[in-house]
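Chemist: For reference, the structure I am asking about is given below.
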Amino acid sequence: MRKAATRKQRRMMIVGAGFASFALVVGLTLFALEDGINVFYGPTEVVEKVVEPGQKFRLGGLVEEGSVTKSGATTTFRVTDMKSSVQVAYTGILPDLFREGQGVVTQGMLDDAGLFTADEVLAKHDENYLPAEAVEAMKRAGTWKDTAEGEKATQ
Amino acid sequence: MKIANAVLPFAVGGFVILTGIGVYLGLFNSPSDYQQGDTVRIMYIHVPAAYLGVMIYGVIAGSSLSLLIWKHPLAELIARASAPVGLVFTFLCLVTGSLWGKPMWGTWWVWDARLTSMLILLFLYAGYIALSNAFDEPGRGNKPAAILALVGVVNLPIIKFSVDWWNTLHQPASIIRMDGPTIAMEMLTPLFYMLGGFTCFYLMILVIRLRSEIAASKLRIAMMSGAMASNPEADNQQSASEPGRREMEKVGG
């Protein structure tokens with residue numbers, strides 16, 4: 001019986017050690033790849049890292065309030081993270097969720113003047129789920145901006 | 001197995017009742033979302049499917065661990081019986097997510113950390129099933145498959161925390177989070193019914209599949225001993241089938 005118990009313990013040790021070392025390998029790999037795994041960069045990262053003009057990447061952030069202008073099929077707006085912002089131009093159909101204050105992820109490249117020309121705009125949905133009627137009621141009561149979206153902006 | 005048989009009626013009842021209530025509330029008696037409109041209802045399938053995909057993988061990993069260390073005979077059967085169920089739910093999660101992503105995000109698919117790690121989970125399931133059936137001799141694939149299942153466990157925390165560790169298009173967690181759920185109560189209720197219903201469905205399928213796995217192994221052993229009775233020269237194989245028979249009695253009892 002004693003021998004069987006130690007054999008079990010040995011198996012436990014092997015499995016435990018194997019798993020721990022594998023988890024360490026994966027952890028270090030992911031840590032090293034951190035930048036590559038991010039599906040987008042924020043405006044501050046773009047400003048700090050000085051992305052080369054002509055290099056394709058994804059830019060994510062909130063659509064700045066009051067920055068959306070449309071001329072024909074082309075929409076220009078600013079993507080902001082409340083610290084810095086980048087001017088974006090996009091020609092095409094915008095997703096349903098696109099509006100001012102909404103999170104978006106755009107794909108494209110910067111030109112020499114710092115204008116980001118997007119060939120794809122994706123709307124990022126946030127984690128808040130609220131009934132439409134409740135939001136209507138809150139808007140009527142004038143408490144809407146102080147609740148869900150206000151929380152998001154302060155994060 | 002007695003426990004499993006006792007669980008079955010509750011699992012069937014729970015599945016029918018909870019899913020019934022969940023579907024009714026989710027489709028007819030819950031509000032549409034302020035941003036997503038009626039598309040939010042996809043969540044009532046998507047979230048439980050994702051949860052089951054991850055949870056069943058956890059069950060397989062736990063069984064694999066007990067198979068490798070304690071050599072528990074039932075562990076192997078539970079893992080084998082669970083794998084296709086988990087595969088289907090992971091696939092369902094990816095499909096419903098894709099259907100939601102097109103109208104909401106504007107794309108069917110994006111290579112962000114959450115979506116990619118979920119896709120890896122699908123491949124882990126497929127690899128597990130393929131590996132455990134890769135050998136002609138039944139049972140030989142169990143050990144390599146169990147090792148694969150344990151290796152894949154690192155993916156589970158990556159799935160869960162991918163939305164916090166990296167910038168993803170997928171939204172952060174709405175239910176299990178520090179400051180409480182960010183889903184309105186009227187939407188959370190049908191979601192919980194669906195979560196319960198889906199879990200009962202898994203238990204139901206698990207018991208049915210366990211029964212058939214046990215029946216299949218009994219049949220295999222019966223055929224083996226039948227073949228030996230008609231062929232006395234195969235006497236040297238008799239000893240090989242002995243542990244198998246004992247295992248059968250243990251599981252069947």
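Note: Cβ is positioned from N, Cα and C throughout, glycine not excepted.
Below, the features straight out of TrEMBL:
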TOPO_DOM  A:1-11  topological domain 'Cytoplasmic'
TRANSMEM  A:12-33  transmembrane segment
TOPO_DOM  A:33-155  topological domain 'Extracellular'
BINDING   A:His125, A:Tyr129  heme binding site
Chemist: Which number gives the other C-beta atoms within 10 angstroms of the C-beta of A:Tyr129 (heme binding site), all protein chains shown included?
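Modeler: 25, counting other Cβ atoms within 10 Å of A:Tyr129 (heme binding site).
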Chemist: For A:His125 (heme binding site), write down the residues of its own chain that are at least 6 apart in sequence and whose Cβ falls under 8 Å from its Cβ; none is a fine answer.
Modeler: A:Leu97, A:Gly103
Chemist: As a test of reading the model: what is the averaged pLDDT for the topological domain 'Cytoplasmic' (A:1-11)?
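Modeler: Result for the topological domain 'Cytoplasmic' (A:1-11): average pLDDT 69.
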Chemist: Quick one: what's DSSP say for A:His125 (heme binding site), helix, strand or coil?
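Modeler: Once the DSSP labels are grouped into three classes, A:His125 (heme binding site) ends up as coil.
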Chemist: List the helix, strand and coil residue totals of the topological domain 'Extracellular' (A:33-155) as derived from DSSP.
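Modeler: Within the topological domain 'Extracellular' (A:33-155) the tally stands at 28 helix, 45 strand, 50 coil.
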